[in-house]
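A.B. asks: Got a structure for you, written out below as C-alpha cells; questions coming shortly.
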Amino acid sequence: MELIYSICTGVLTTSGIFLALRGRTFPVVVGLTLLTYAVNLFLFSMGGLHTAASTVIGSDMPMADPLPQALVLTAIVIGFAMTAFVVILAMRARGDLGSDHVDGQRREESREAS
Amino acid sequence: MSQHLLIAPLVLPLCAAVLLLWRRGGAPIIKRSLGIGATLALVVIGIALVHMAGDGVIRYYALGDWQPPFGIVLVLDRLSAMMVLLTAVLALGAILYASAGQDEDGTNFQGLFQLQLLGINGAFLTGDLFNLFVFFEVLLIASYALLMHGGGRSRTGAGMHYVALNLAGSSLFLFALGILYGALGTLNMADMARQIGAGLDAHQRGLVHAGGLLLLSVFAHKSAMLPLHFWLPRAYAAAPAPVAALFAIMTKIGLYAILRVYSLIFADHAGPLAGLAQPWLWWCGLATLAVAGVGVLSARDLRLQTSYLILISVGTLLCAFGMGHIESITAALYYIVHTTLVTGGLFLLADMIASQRGRAGARAVRSRPLVQPGRLGALYFIGMIAVIGLPPLSGAIGKALVLSSAGEEQALWLWPILLLAGLCGIISASRAGSTIFWRAGEGDPEGPRMGWRRGLGITGLIAASPVLTVLAGPMSDYAAATAHQLSDPDHYLQAILGNPTTASEAADVSHAGGESS
C-alpha cells in the first residue's frame with residue numbers, strides 16, 4: 001500500500017510541476033490543480049498509513065491520527081477556492097491580454113517564440 | 001478583559017470586513033468612515049499590545065480554551081506586538097489615501113482591505129505553523145483581489161504571475177508542513193522546538209532538515225529573496241497605490257516568519273540542525289542586495305524604483321538575519337519599521353505625482369509641470385533620503401546599526417555591497433527626481449490637487465522617518481529588548497508549554513487568556 005500510495009503522489013507531483021512550467025495558462029492551471037491534489041494526498045499520509053484503525057475513541061483497536069484529516073480538509077477547501085479563482089483569472093487574462101500565454105504575448109510573438 | 005485583547009486584532013478587522021461586504025452597495029462615506037474607523041481602532045489596539053508586551057512576559061491566548069500543545073494558540077511577544085502596530089500604522093496611511101477616491105474604482109475595496117489586515121495580523125500573532133499557512137492564504141486571497149482592483153492590462157498580467165507563483169508556494173508550504181508533522185508529530189511551534197531539542201534519531205533528523213529548508217524556500221519566496229524575487233517589481237508597480245503601500249508589509253511577513261521559525265524552532269538547542277538557515281540567508285541576502293542595486297539603476301518609473309528599493313531593504317534585512325547575533329537582529333528590527341513605513345509612503349507619493357502629470361504618469365520623462373511641485377518635491381526629497389539611508393534621517397541610523405553589527409569577516413562582504421547598493425539608489429533617485437521636478441516641459445499644470453486625505457496619508461507615512469530619528473533611542477531600546485527575547489527560546493517554550501512537571505498546575509492557573517511568564 002505504501003508503495004502504490006507514494007508512487008501515486010510522486011506521479012501527480014511530477015505531472016503537476018511539468019504542467020505548471022508550461023507557457024499557456026490552461027496547462028498552468030491544470031498543473032497547479034494536480035499539485036494541490038498531490039499535496040492533499042501527501043498531507044493525508046503524514047500521520048502514517050494504517051489499515052483497520054479506528055476513528056472513534058473507545059474501541060481497543062489502534063487509533064488513526066485525526067489531525068492530518070482535519071488539516072487535509074482545510075487544505076482541500078483552500079485549494080478548491082484558489083483553483084476557482086485562478087480559472088476565472090485565466091479567462092480574464094485571455095480577454096484583457098488577447099492571448100492565453102502567461103506573459104500575455106500576442107499570438108504572432110508567441111508563435112515565433114515557441 | 002485585558003487578556004482578550006490578544007484576539008482583538010483578528011476580530012476587529014473580521015467584523016469590519018463582514019459589515020463592509022454586507023453593505024457593499026452603501027454610500028461611500030459610510031464605507032470609508034467604517035474602514036478608517038476600524039483601522040484607527042487597530043492602531044489603538046496595536047499601541048495597547050506593544051505596551052502590554054513591553055514588560056517582557058510572553059502571553060498566549062488559547063482559542064476555545066484548548067491548551068497548548070493541542071489547541072491553537074495566539075502568542076504575543078515583543079516582536080509580534082511591534083509588527084501588529086506597524087501593520088496598523090501603515091494601513092491607516094494607505095486607507096486614508098484610498099478613501100480620497102480610489103476605493104470606488106472597483107467593488108469591495110474597503111472590505112477586502114480589512115480581510116487583508118485580518119490575514120496579516122493573524123500571521124504575526126499565531127503560534128502554530130499550520131495556522132500560519134491558513135493566515136497566509138487569507139491575506140493572499142485578499143491580496144489577489146486587491147492587486148487587480150480597478151482592472152487593466154498590466155494588472156491582469158502581473159496578477160496572473162503573482163497568483164500562479166503563490167499557489168505553487170502554498171503547495172510547497174504544505175509539503176514542508178507534512179514532512180515536519182510526519183517527523184515531529186506536532187505543528188505547535190513551541191512544541192516543535194521542544195521535540196527537536198529533546199533529540200532526534202538519524203532518519204528523523206534528515207526529514208526535519210529537508211522540511212526546514214523547504215519551509216525556508218517558501219518564506220524566501222514570500223520575502224522576495226534572490227532568486228525568488230522576480231514577481232515583486234512587476235506586481236508592486238502594477239498594483240493600485242494604496243494596495244502597493246500595504247504590500248510593503250507583505251515581504252516583511254516572509255521575513256518575520258523566517259525570524260520566528262529559525263530563531264525558535266532551529267535555535268541553538270537544535271543540535272546539528274541549529275543555524276540551519278543562516279548561511280543561506282547571508283549569501284542570498286548579499287546577492288539580493290547586489291541585484292536590487294542594479295535593478296534600481298534600471299528603473300525608469302517611480303513605482304518600479306520604489307519596488308527595487310524595497311528589494312534593497314529585503315537584502316539588508318536578510319543579511320542582518322544571516323549574521324544572526326543580537327546586535328544585528330536589533331538593527332534589523334529598527335530598520336524594518338523604518339523601511340516599511342517610508343516605502344509605503346513613497347508608493348502613495350508616486351501615484352500622486354503620476355496623477356498630476358497626465359500621460360507621462362510615473363515615468364521619469366519630461367512632461368508638463370506639476371500642480372504642486374513644492375510640496376510633492378519636498379516629500380520626494382525627504383522620502384528618498386530616508387529610504388536610501390543618507391544622514392540625518394532614520395535610514396542612516398538603521399543602516400549604521402546594521403553595518404556596525406557586522407563582524408570583521410562579514411564586514412568585508414557587507415560594507416561594500418550595502419554601500420554600493422545605496423549609491424545606486426542615490427543615482428537613481430537624483431536622476432528621476434531632477435527629471436520630474438526640474439526639467440518640466442511646456443504646458444499648463446493641471447490634474448487633481450493633493451487633498452487633505454491624500455496629503456495626510458502620504459505625509460503621515462513619510463514623516464515616520466523624522467519621528468523614528470527623534471525617537472531612535474527608545475525605539476532601538478525596544479528593538480534590543482525584542483532581540484534579547486528572541487535569542488532566548490527557552491523562555492518562549494516555558495511560557496507556552498510550562499514546565500513539564502507543573503503542566504497541570506499551569507493549566508489550572510491560566511484560563512481562556514492564559515498568562516504565564
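In case you wondered, yes, glycine gets a Cβ from its N, Cα and C as well.
A TrEMBL annotation is a machine prediction, not a hand-curated record.
Got these off TrEMBL a minute ago, pasting:
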- B:6-22: transmembrane segment (TRANSMEM)
- B:34-52: transmembrane segment (TRANSMEM)
- B:83-100: transmembrane segment (TRANSMEM)
- B:120-147: transmembrane segment (TRANSMEM)
- B:127-418: domain 'NADH:quinone oxidoreductase/Mrp antiporter transmembrane' (DOMAIN)
- B:159-184: transmembrane segment (TRANSMEM)
- B:236-259: transmembrane segment (TRANSMEM)
- B:279-299: transmembrane segment (TRANSMEM)
- B:306-326: transmembrane segment (TRANSMEM)
- B:332-354: transmembrane segment (TRANSMEM)
- B:375-393: transmembrane segment (TRANSMEM)
- B:413-434: transmembrane segment (TRANSMEM)
A.B. asks: I'd like to know if the transmembrane segment (B:306-326) touches the transmembrane segment (B:413-434) in this structure, counting it as a touch only when three or more C-beta pairs sit under 8 Å and are separated by 6 or more positions.
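C.D. replies: Judged by the Cβ rule, the two regions touch, with the required three close pairs present.
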A.B. asks: With a Cβ cut-off under 8 Å, give me the same-chain residues at least six positions beyond the ends of the transmembrane segment (B:83-100) that come close to it.
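C.D. replies: Long-range Cβ neighbours of the transmembrane segment (B:83-100): 9, 32, 35-36, 39-40, 42-43, 45-47, 49-50, 109-110, 113, 117, 120-121, 124-125, 240-243, 245-246, 248-249, 252, 256, 336-337, 340-341, 344-345, 348, 351, 451, 453-454, 456-458, 460-461, 464.
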A.B. asks: How about the transmembrane segment (B:332-354) and the transmembrane segment (B:236-259): do they have 3 or more C-beta pairs under 8 A, pairs 6 or more apart in sequence?
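C.D. replies: Answer yes, regions in contact.
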A.B. asks: Restricting to the same chain and to residues at least six past its boundaries, which positions have a Cβ under 8 Å from a Cβ of the transmembrane segment (B:34-52)?
C.D. replies: 2, 5-6, 8-9, 12-13, 15-16, 19-20, 59, 76, 78, 81-82, 84-89, 91-92, 95-96, 99, 103, 110, 113-114, 117, 121, 478
A.B. asks: Do any residues of this chain, six or more beyond the ends of the transmembrane segment (B:236-259), have a C-beta under 8 angstroms from a C-beta of it, and if so which?
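C.D. replies: Counting only partners 6 or more residues beyond its ends, the transmembrane segment (B:236-259) has Cβ contacts under 8 Å with 79, 83, 86-87, 90-91, 93-95, 97-98, 102-103, 105, 113, 116, 120, 123-124, 132, 136, 139, 143, 146-147, 149-150, 152, 154-155, 157-159, 216, 219-225, 277, 281, 301, 303-304, 306-307, 310, 314, 317-318, 321, 329, 332, 336, 339-341, 343-345, 347-348, 350-352, 457, 461, 486.
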